[in-house]
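Feature annotations, courtesy of Swiss-Prot:
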type	residues	note
ACT_SITE	K35	active site, proton acceptor
ACT_SITE	Y254	active site, proton acceptor
BINDING	R130, M302	substrate binding site
MOD_RES	K35	N6-(pyridoxal phosphate)lysine
Amino acid sequence: MPRPILATVHTAALRHNLDRARRAAVDARVWAVVKANAYGHGIERVYEGLRGADGFALLDLAEAERVRALGWRGPVLLLEGVFDARDLELCSRLDLWHTVHCDEQIDMLAAHKTLKPQRVFLKMNSGMNRLGFAPERFGSAWTRLNALPQVDEISLMTHFSDADGARGIAHQLEVFERATHDLLGERSIANSAATLRHARQTRGDWVRPGIVLYGSAPDFPEHDAAHWQLQPTMTLSTKLIGIQTLKAGDTIGYGSNFTAEGPLTIGVAAVGYADGYPRHCNTGTPVLVNGVRTRMVGRVSMDMITVDLTPVPEAKFGTEVTLWGRSAVSGAVLPIDEVAQAAGTVGYELMCAVAPRVPFAPADGE
């Protein structure tokens with residue numbers, strides 16, 4: 001028998017979260033962002049739950065080919081555009097839309113021989129300072145693209161750096177609108193946080209929700225997933241494979257960094273950092289045992305963690321342990337954002353970091 005660890009993908013939750021994003025976006029069309037292998041869930045596994053979107057936005061040609069292989073015939077957008085001039089031929093064959101964020105990509109298009117003009121999203125660097133044309137150069141980039149026979153429609157996009165925080169979007173939005181007010185083209189400016197927190201200000205033709213589709217709050221800890229009416233789409237679970245009874249003064253695991261203050265029963269769960277569970281989690285990290293919230297104690301090992309069984313005295317060998325997501329026993333939810341906070345990171349990273357050795361399965365009945 002294999003180890004009892006399992007990552008479960010919840011298709012119904014994906015549909016629910018997509019609908020939540022669509023309701024927030026009012027009249028805009030929705031790109032379902034499935035980059036990074038659908039935030040670690042697997043593109044093939046999320047397709048059924050997200051096929052109600054108006055398009056799929058992703059990172060590279062390999063992911064685009066997988067979406068097309070699933071039968072999707074609608075829009076597909078390469079969020080970073082092409083990395084090599086040879087990629088443009090495949091863009092033509094797969095009928096892809098792609099981002100243009102630098103002069104080199106315009107040069108590639110200008111030299112490309114194609115019978116079918118391509119749809120592009122021209123990206124502005126409105127203040128995030130990653131990809132995109134500076135505002136003062138955006139108009140000239142648009143003019144150059146518009147003159148190319150290789151280019152069909154030009155849409156306009158930017159990306160917010162602080163839509164999830166106190167700084168907000170006002171400055172970047174002003175920069176974008178000032179530089180694009182006289183340019184034709186559909187607009188796409190709202191990511192997950194902007195879609196939920198700034199829907200009125202960021203109404204455009206397209207929104208680009210990512211993390212909210214997977215049930216994580218884009219502005220945690222200010223708001224949790226329940227506040228935004230999001231449901232977890234991934235559950236990482238395992239089982240207890242051992243029980244130990246400690247007395248006062250006993251220590252646990254490598255480094256002996258946890259010492260029992262009195263009699264304590266602990267459970268050993270089959271999960272560790274080799275499975276993608278973050279090693280930076282330490283004593284106090286929340287877990288569910290038999291659907292009841294308790295805490296991890298000691299350090300994360302390669303293949304095991306130890307948990308405090310005080311709240312669940314009935315726990316035994318084989319009892320369910322939920323690392324994040326929804327307990328199959330009680331239905332209780334342990335938000336991935338809480339676990340990420342304990343590890344000093346974000347839910348995005350935990351989803352993407354689930355190791356290849358962890359098997360995936362759809363939720364029962366899905």
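Just so it is clear, glycine is given a Cβ too, placed from its N, Cα and C backbone atoms.
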Residue pair R130 (substrate binding site), K35 (active site, proton acceptor) - Cα distance, angstrom, rounded: 17
DSSP-derived class (H/G/I helix, E/B strand, else coil) of K35 (active site, proton acceptor): helix
For K35 (active site, proton acceptor): intrachain residues, at least 6 apart, with Cβ closer than 8 Å: A57, L58, L59, E63, L79, G210
Inter-residue Cα distance where the pair is Y254 (active site, proton acceptor) and M302 (substrate binding site), in Å: 11
Number of other Cβ atoms within 10 Å of the Cβ of Y254 (active site, proton acceptor) across all protein chains: 11
